[in-house]
Amino acid sequence: MGRSFDAEDPLSAAIAPPPDETPEQRAAREQAEEEARRVSDEIDEFLRSERNAQRKRKPVVKVLLLGQSESGKSTTLKNFQMQYAREDWLRERSAWRAVVHLNLLRSINSILDMLSLALRAHPSSPGASPSMLSTPLEPSDTATVKGKERERSLPPLELTEHHKLLTLRLAPLRNVQRDLENRIGTATTEPAPPESGEALPGLAGARRPQEFFVRSKDGWKEALDRLRSSVSAEKDGARRERERDEAQLGRAGEVIESCREDMTAVWADPVVREMLRRKGVRMEEAAGFFLDDIDRIARKVYEPSDDDVVRARLRTLGVQEYRFSIEQGHDWLMYDVGGTRSSRPIWYPYFDDVNAIIFLAPISAFDERLSEDPRVNRLEDSYALWRTLCGLKLLQSTQIVLFLNKCDLLERKLNAGVHVKDHVPSYGDRPNDVDAVKKYFQSHFKEIARQNSPTSRRFFVHLTSVVDTKNTAVTLRTVEEGILRESLRKADLL
């Protein structure tokens, strides 16, 4: 015998009209049901539209910038911003004026620190003793000790009252440096081993106080916004704060301009240059070097150029994320991840779903030591990082692009007579010219990739000087096309 399910269906019973429904109630119920169907149809249409838009939307390309500290990651990112986010770049450019001035003052004050010590240790200074002839730089290897011994064996520097007068007249720049640091962000100390600090350029193992930095999570971009020369639609409190900042920056600019001639005199002084030479300090190789531009930069009317911003150094801790809209509507998410040893553990979470990695290795650092560990050669550290990246199975399908960076500094070192074989024994008796050295380093990185990659992969390498914006623009175009083509291929869109 057949059985009817409709009569016992609880859903049917729940939606059935009540048996004693009046005509008015029926009309209201039907109107409510019609409205519910209309809303349901709108939701369905919205979901269909979203699905269709998602199918048409170009995939987001995720790119990581990796490398040790001061390898050129932030400078590369600036080049991307300049090329692909031009409007934002122009809005931010004037704010970098304070950063350029800070870079200049850090360099000048570092020289003044060394000059003040040399004056105190000079034989003509009252109370000078042999123990005062040591520098504030703590030796950490045999080469540094020998260098200090050679320095002590040389005749005293020909320091005069003029040098004392310069240090006195430039003393206000220390307060200006502190004021600029306060305007940009809070100067803090990164947790680090006792021997850590900033390596003086060209002097293995030499330490000076750790570099001022800002944390990406503390909103340093907002700090730069306050430094802009014009901001509209501000609330009264924000406007007053900006006006105070501008007034303080204006006073700082006046002090800097008033010291312009004395700063130029210090940097051009042959005795100061000899002092730096004896200590093995090469200021021109440091990030944020503007000592050759004092006359142009130390002025109240100074406005940064594109090249100035690219060269400016503002160290940040933490991960910075940027979104670019590349041609044909492709969005790129680019991450600048810290390169110090303490920052490297946070690289791994960003490897998930990454389309490409741009790894920067500063090949000019073959004779330098790692800031975090003066026992480690910086080039060897880059080798180790490259070996690890190439060997990760998680990244076996990820495109890795290698930038052998700072070729300009490499050429300058070789022309100054620095021999690669003295620091890289495996270089042997190869010619000590820039082409041979670049070829050797390129071959070595390629061999590391070949030996350590889990699967066969193409080797993408570019010899770069990312402070050279014109040539870097050409390189970025090539890299962009290669990364985009590979990401589209993986997404089955090619």
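Using N, Cα and C of the backbone, Cβ positions are placed for all residues, glycine too.
Residues or ranges marked as region 'Disordered' by TrEMBL: 1-43 (among others).
The compositional bias 'Basic and acidic residues' annotation in TrEMBL covers 23-43. If one looks beyond the compositional bias 'Basic and acidic residues' (23-43) by at least 6 residues along the same chain, the residues whose Cβ comes under 8 Å of a Cβ in the stretch are 17.
The region 'Disordered' annotation in TrEMBL covers 122-149 (among others).
The region 'Disordered' annotation in TrEMBL covers 185-208 (among others).
In the shown protein chains, 18 other C-beta atoms lie within 10 A of the C-beta of Thr316 (Mg(2+) binding site). Residues or ranges marked as Mg(2+) binding site by TrEMBL: Thr316.
Other C-beta atoms found within 10 angstroms of the C-beta of Asn405 (GTP binding site) number 29, with every protein chain shown included. Residues or ranges marked as GTP binding site in TrEMBL: Asn405, Lys406, Cys407, Asp408.
For Asp408 (GTP binding site), the Cβ neighbour count at a 10 Å cut-off comes to 17, with all displayed protein chains included. With respect to Thr316 (Mg(2+) binding site), the closest of these binding-site residues in Cα terms is Lys406, chosen from Lys406, Cys407, Asp408. Within 8 Å of the Cβ centroid of the GTP site, not counting the listed residues Asn405, Lys406, Cys407, Asp408, the chain contributes Gly72, Pro362, Ile363, Ser364, Leu404, Leu409, Leu410, Leu463, Thr464, Ser465, Val466, Val467. The binding-site residues considered are Lys406, Cys407; of these, Cys407 has the fewest other C-beta atoms within 10 angstroms of its C-beta.
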